[in-house]
Ligand SMILES: Nc1ncnc2c1ncn2[C@@H]1O[C@H](COP(=O)(O)OP(=O)(O)OP(=O)(O)O)[C@@H](O)[C@H]1O
């Protein structure tokens, strides 16, 4: 290849390089793949009337949160808004009084003297309103970030407090994303409610003046503004429903962006050509989301136009009525002047109420999603499904009794009628083919999942009866899919637990083999384990697994569950971990899940699972001798490694 063609190639974008043909799905299939119609149906049931009815409760709940976050700012804002309304009303009354004084008959200087106090009120009210406006901006700026963050935190707390099983429900993450958007606009709800309040106070004054001038003017004015209000709310609803409809696809776009741009998947993005493939998928999904959003924007604009036209006609009717009142002598000129001004101001405040109300309803839909999530998560809260028992001492025995488990939405049980026991001082190995239920059983024995039927007991207390967070003090878990957290090594190991001395951490590092890598870490235990931030250091896959094992060993818990603990370790590190297990088992019950069947020789007992059922149990010596699933898997592995029995 020539130099020039090479440089052309280098300048070529990923898309120009041509994404490989995506034979998996058509754009339409993709669109439906990530669509959650149940959420849309639930949203569609939330009509404008239902929402209007729920608004007071929504506003109250958000105000309570604001009150909790910053009492002074919340009280100050409310006071400012009420003050603004009162001042607007005073100003309006003063303007009407001034006009009446000026238009009345008599000497002009007398009339001016008569109007002077009213003019002073107008000036003072205007100045004070400006001051209150500045105060509102200041207080809102102070409250807003705290309120949004507090709303977000309530969600995180609710999600953390929910049963693990809730996370496995289809659509749970969509629900969370939609709710997250709601949490971000919670401050808007408070602000909009205050705007409506202020506009209502102004209207009250305008309405009084109008009612005094002529009783017909106020109902006419309200009628004139209704079509526009209805149009605003309908347009907002169209946009909201489009947001719900596209939420699954937007979340997928977010995931795709993350995978294409960040480190975790960066190798496959390039070497496996996943990047161009996903970029093509991103483009198609984005196009379908854009089309849905554009359609909603068009429909909303048409509705707004229709509302504005209807509002214009209705306003013209109101002004015509005023002219008619004047022309027919039903209203004198002085009152007419006041009426024009009052009408103008009242129209402004009615518009304010209606626009603010429409925005309030629109924001209400989003905030309702946030509150729905909170209610739903609280409905699935561990506090609701479990008891409050605590154990007086670390348990000696962990027992699974005739347990069946089926994941939410699954068509069949992942475990059926399984019974198992593991005591402190004992190592039990769980083996079986992929999908046979080993990890599920480990989640049940740890009390992360509650059985669909049967029970799991720690000594004499079932996991359903126990207060979970206190119970988990007795559990150390090295899961199959562990988390790389961008924290220091020390924090990654302790998660803030244990005493603050390094001795226990270093002992755990020695047991897991992580001690070997300490000299290469720039700041030892205080090294930030990520290269995403300056000064951090990235670990290899096996080094990360050592950190995860250290985390489990450091916990010094009565139950130690290790799911594929050495899959990424080199032979020396693996040997080190397995030879250390017996020492660790002295005061722990160890449940070991592994596919490396020669390693399970270390276990006192081996339990074999097949399609969710316990099919064999025995020692390594027994199971390698007797025919059965274990022996056939073991023989296959021996043959693969060239050590045929
Ligand atoms: N979160 C989940 N939601 C729904 N089904 C699940 C979930 N996790 C596992 N399953 C299903 O439960 C069954 C058992 O899965 P489990 O992860 O317990 O198997 P395993 O024996 O640990 O498999 P492996 O050896 O591959 O790790 C599988 O059919 C799997 O599809």
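Keep in mind that glycine also has a Cβ here, set from the backbone N, Cα and C atoms.
Caution: TrEMBL annotation is automatic and unverified by curators.
Taken from TrEMBL, the feature region 'Disordered' covers 1-29.
According to TrEMBL, the feature compositional bias 'Low complexity' maps to 1-16.
For 72-95 (among others), the entry in TrEMBL reads transmembrane segment.
Proximity of distant same-chain residues to the transmembrane segment (115-139), defined by a Cβ-Cβ separation under 8 Å and at least 6 residues beyond the stretch ends, is recorded for 73, 76-77, 80-81, 83-84, 87-88, 90-91, 94-95, 97-98, 101-102, 194. Look at TrEMBL and you will find 115-139 (among others) tagged as transmembrane segment.
Beyond the transmembrane segment (302-327), the same-chain residues lying 6 or more positions past its ends with a Cβ under 8 Å from any Cβ of the stretch are 214, 216-217, 220-221, 223-232, 234-235, 238, 333, 336, 339-340, 343, 347. Taken from TrEMBL, the feature transmembrane segment applies to 302-327 (among others).
Residues annotated as domain 'ABC transporter' in TrEMBL: 398-636.
Beyond the ends of the transmembrane segment (72-95), by six or more residues, the same chain brings 63, 66, 118-119, 121-122, 125-126, 128-129, 132-133, 135-136, 139-140, 142-143, 190, 194-195, 197-202, 204-206, 208-209, 341-342, 345, 349 to within a C-beta distance below 8 angstroms of the stretch.
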